[in-house]
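Visitor: Below is the structure I would like to discuss, written out as structure tokens.
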Amino acid sequence: MNPDPIILKIDINDYTPMMQQYISIKRENLDSFVFFRLGDFYEMFFDDALDASRILEIALTGRDAGSKDRVPMCGVPYHAANNYIERLVAGGYKVAIVEQVEEPTAGKGIVRREVVQVVTPGTIMESNGLSEKENNYIGTVSVYPDQLMLGFCDLTTGELGLMALPLEDIHIYNQIITLGVRELIVAPELLQNDFYRRLREQYNIVLSVEESSEVSKEMRAKMQQVSDVRGQLTLARLLNYLERTQKRSLEHIQQAAIYETDSYLQMDAHSQAALELTKTLRGNAKTGSLLWLLDQTKTAMGGRMLKKWLERPLIDKAEIEHRHDFVACLQSEYFIKEEIKESLKFVYDLERLLGRIVYENASGKELAQLRQSLRQLPVIRELILRLPYNRAHDLANGIDTFDELLATLEQGIVDNPPPGIKDGGIIADGFNDELDQLRDARKNGKTWLAELEAAERVRTGIKTLKIGYNRVFGYYLEATKAALANIDEDLISHYDRKQTLANAERYITPELKEKESLILGAEERMSLLEYEIFVAIRQQVKGYTQKLQQAADSIATVDVLASFATVSEMYNYVRADIIDGHELAIVDGRHPVVERVMEDAEYVANDCKMNNTTDILLITGPNMAGKSTYMRQLADIVIMNQIGCFVPATKAELPIFESIFTRIGASDDLFSGQSTFMVEMMEVNMALKHATKKSLILFDEIGRGTATYDGMALAQSILEYIHHHIGAKTLFSTHYHELTVLEEQLPRLHNVHVSAIEENDQLVFLHKVKDGSVDRSYGVHVAQLAHLPNEVIQRAQTILGSLEAQRGDSKQLDLFAAPENETVTVTAIDADTQAVLDELAGLDINQLTPLDALNALGSVLGKLK
């Protein structure tokens, strides 16, 4: 939107009353396009017209509005407005919809208009841009001296949540990106904050301002589970914004759920992206992600729940094993599982259906979809109760059969309702006596009209005479002038001519007008009564809001678990044994996605074993050999296990991990403007600061973004720090082959390599992980596979041979030792140097991360220059 709008500069008194009304409303909605209803169009004026005509590619015109210059104007038809609103919202804009809120009265002046809803990226309810298997969240952030509060809501499903987070911006970033928040409500002072500005610019997150925490009694009841006053204020700000912009009932919003972040396996946004949990790094697509592989869900609700489970794996052993038990039960009861899946196909999105019904946006089509879904619930409930697993029965008890509501929908709604809700045709025959009587009256009236038309044709001899209707004249008799010229005028002497056309005459008769009054009166009353009945049924559905949401949650849960059972059967996954210790053993593990996308080649399975004497696997091997795949494979297996799915292996024993940290590949990072190496160090620092013994760390070629010895020094010091101070299970791949001697110095580090062989000067990747290390990366061979020019390859081989000859068989040097033959001369230490030494002596190396150590080193070097 224009940061300096003309609407604030003009004199409102220079314009007509209607334009004054528009200007007043626009000045209260400067951050929105104002769709101002005039007749059958929504009109926009001034800057809104200039911007909207360009964005929506519609004609820009002008309107006389009292001022000396015509006001820029553009508009969209009322019946097609939703498409244009969706396009604006998809572009990150807001739309304030202004409607006439009173009937026009003669002599009263301009009719009153008000904003009836503000549609924003975080509040849009109906859009082709909304993915059925993804949530559409709006969030709010509150900053307190000791923590951050994040509240979030999906208005389409009614989900409401709250998180308390550490103060660093990175924690808000991780949650906002993971949730996929489209709109964020912040305090005014945060609008210019660099962090929030980057969220807006890099991730197209709309920033909105709301300062008030005043909410209705109905909305305050949604926060009963929140005892923290700061959490209440955070959610109240969010709910106030929703009430202020939506201006309608929001009773489908659920009780606020408090998410304790340490109750789930922690992964930052970069780790989730690197592991391609829900989207691929290339193309940002679902296809090719772990979510794509696991998603055999049949309902939109199940699809959304699966995504949430992937983003928040469990760390409670009992809950994980409960999901495993359920999956195993579904596998053992194959036919019941297949019947459940078949029934789920006919269940619509109950959560979003209910949202539209409560929002009063639902038509007869939505009620018919609800009816179709309710027909399946008793079937699904009984199928779950047949499973020989008690916890499954608990889930079934959360699915009501809704007998009374279903009976109303069965009897009251026709099979295929029309899209409109005020034009009739929604309510079934036999549901309401008065409506049936009115329909009979209309039907009889139509029959009388047909009989009159036939009788008049015979009486007058005009075979083409017909009865027609329009809104101006009502019903009329029409005959062509040619036909009228051939009859006796006495035959139509009682006709009252109403309209003359070029080739015909239109007449009315007292008898026709009398029947018209009866027919149209019946139709008008019928349309009004049918709408009243429809609204009453819709209101009845609202009374089942909580039970329908509970049923939707149970349906989604069984859908996801059935999906796990199906995928595990299809791809021969096994149930992992969860152990209480710190060991892990995977036999013939496979990367679940890579295995599926390989067309003809057979996937090479690999073991991964790390007992109490092995915390770190140092992985060497050629480029393209599969080091990164091996690392991601372990993470995927851990995550699949902890969401309740079986895993791709022939046997697996796994501990429960509480967090995963990765540095694999390039990042789509928040830290715009930072070098790749700087981002790498910042991500490493996050792992070193927050990882524990129950973490899984995956570091791929750390240090490659700087000079060789700098990188090698950092890689070695990071390995030592993890070994000495963290003890987390770690996979660390490297091309610094000199690091492999650390196996002799660090007792819990073990060398493995991804094997390859040379045959006839060609490199053959075996993709098998074996014990021990390799001393070559075969970079030139990989370049040859990429078809670099022969001249480049030959020259590289020559240079490589020369460098290897110079290096000879020299052993790995202690990076912090002086060369063996160097003579050290001791000189007197001056006062400045002594001060620096004292500063160094005061550092607690046991508490320093490698990045902290580098910062300290930089400070010391600066003082010595």
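Glycine residues also receive a Cβ, built from the backbone N, Cα and C atoms like all the rest.
Automatic, uncurated: that is what TrEMBL annotation is.
Fair warning: this is a prediction, and the values are worked out from it, not measured in the lab.
Copied straight from TrEMBL:
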- Gly621, Pro622, Asn623, Met624, Ala625, Gly626, Lys627, Ser628: ATP binding site (BINDING)
- 695-711: domain 'DNA mismatch repair proteins mutS family' (DOMAIN)
Visitor: Among the binding-site residues Met624, Ala625, which residue has its Cβ surrounded by the fewest other Cβ atoms within 10 Å?
Guide: Met624
Visitor: If you average pLDDT over the domain 'DNA mismatch repair proteins mutS family' (695-711), what do you get?
Guide: 84
Visitor: Judged by the number of other CB atoms within 10 angstroms, which among Gly621, Pro622, Gly626 is the least packed of the binding-site residues?
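Guide: Result for the binding-site residues Gly621, Pro622, Gly626: minimum number of other Cβ atoms within 10 Å at Pro622.
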Visitor: Can you tell me how the residues of the domain 'DNA mismatch repair proteins mutS family' (695-711) break down into helix, strand and coil by DSSP?
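Guide: The breakdown for the domain 'DNA mismatch repair proteins mutS family' (695-711) reads 4 helix, 6 strand, 7 coil.
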Visitor: Within 8 Å of the centroid of the Cβ atoms of Gly621, Pro622, Asn623, Met624, Ala625, Gly626, Lys627, Ser628, which other residues of that chain place their own Cβ, given that this set defines the recorded ATP site?
Guide: Ser733, Val754, Ala756, Phe765
Visitor: Does DSSP put Lys627 (ATP binding site) in a helix, in a strand, or in coil?
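Guide: In the DSSP reduction, Lys627 (ATP binding site) maps to helix.
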Visitor: Neighbour count, 10 Å Cβ-Cβ cut-off, for Lys627 (ATP binding site): what number do you get?
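Guide: Result for Lys627 (ATP binding site): 26 other Cβ atoms within 10 Å.
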Visitor: I want to verify one value. Collapsing DSSP to three states, which class is Gly621 (ATP binding site)?
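Guide: DSSP call for Gly621 (ATP binding site): coil, neither helix nor strand.
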